[in-house]
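Below are the structure tokens for one structure; questions will follow.
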Amino acid sequence: MGGLVRSKSKAFTYIAHLLAATAAVMVLVWCIHFRGGLAFESANKSLIFNVHPVLMLIGFIIMGSEATMSYRTLPWSKQVKKTIHLILHAIALVLGVFGIYFAFKFHNESGIDNLYSLHSWMGLGTIGLYGIQWILGFVTFLYPGASVFLRTAYLAWHVVFGIFVYLLAIASAELGFLEKLTFLETLGKLHRYSPEAFLVNSTALVVLLLGASVVLSLIAPSIDYSNIYTAD
């Protein structure tokens, strides 16, 4: 029975990997093929904006997904998995910060107000909570490291809060796709039933399924969670 449960958990992990790769390809096709490409500096400010969804999806959400699953799924020692888990989350956090920077850069250079939408509020809040989660995890489990009692007491909160922040990131991404698609359609730059609109909606759906697969890979029942999540 335990082997069957573990197989189901692995199945969700494999599905998540496949969905992550699919989402990465889809967002690149959208931003490069349909939206004209990526640029750090350009007279066409839309090219600057295009860096934002690419970094937020591939850098923040997909890298964060892999980091979230790594501690449970990798076959190495706890210390190695802990280090990889920390590094991948750090990369996701840094790329997420850069992704937000390009959104602000696009707004500022285009004369658009900042932080007026629910997407921007949730996105900024998610990055902040992600950073807090990373710092607390670092000082508690890696360096300087808390006592066994504190690590054990904090562990469950670390797992639950990490899943909560991850779900906030998924929700923020969904709002971002909706907001951008609505703007393009309202400005008459995109037809509601165009191939690009279909691609954006499909990408948002794939991201939603990715989030569900990642969470299911984490919470799939197991015979003994102490062999997976420990405070040492």
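Keep in mind that glycine also has a Cβ here, set from the backbone N, Cα and C atoms.
Annotations in TrEMBL come from automatic prediction, not curation.
The structure displayed is predicted, hence computed values, not measured ones.
According to TrEMBL, the record shows the following:
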DOMAIN    15-219  domain 'Cytochrome b561'
TRANSMEM  12-35  transmembrane segment
TRANSMEM  47-65  transmembrane segment
TRANSMEM  86-104  transmembrane segment
TRANSMEM  124-143  transmembrane segment
TRANSMEM  155-178  transmembrane segment
TRANSMEM  198-220  transmembrane segment
Below 8 angstroms Cβ to Cβ, which residues of this chain, lying six or more residues outside the transmembrane segment (198-220), approach it?
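Non-local partners: 5, 8-10, 12-13, 15-16, 19-20, 22-23, 26-27, 29-30, 34, 57, 61-62, 65, 68-69, 72-73, 159, 163, 166-167, 170, 173-174, 177-178, 180-181.
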With a Cβ cut-off under 8 Å, give me the same-chain residues at least six positions beyond the ends of the transmembrane segment (12-35) that come close to it.
46-47, 50, 53-54, 57-58, 61-62, 65-66, 69, 73, 195-196, 199-200, 202-203, 206-207, 209-210, 213-214, 216-217, 220
Check the domain 'Cytochrome b561' (15-219) for me and report the mean pLDDT.
96
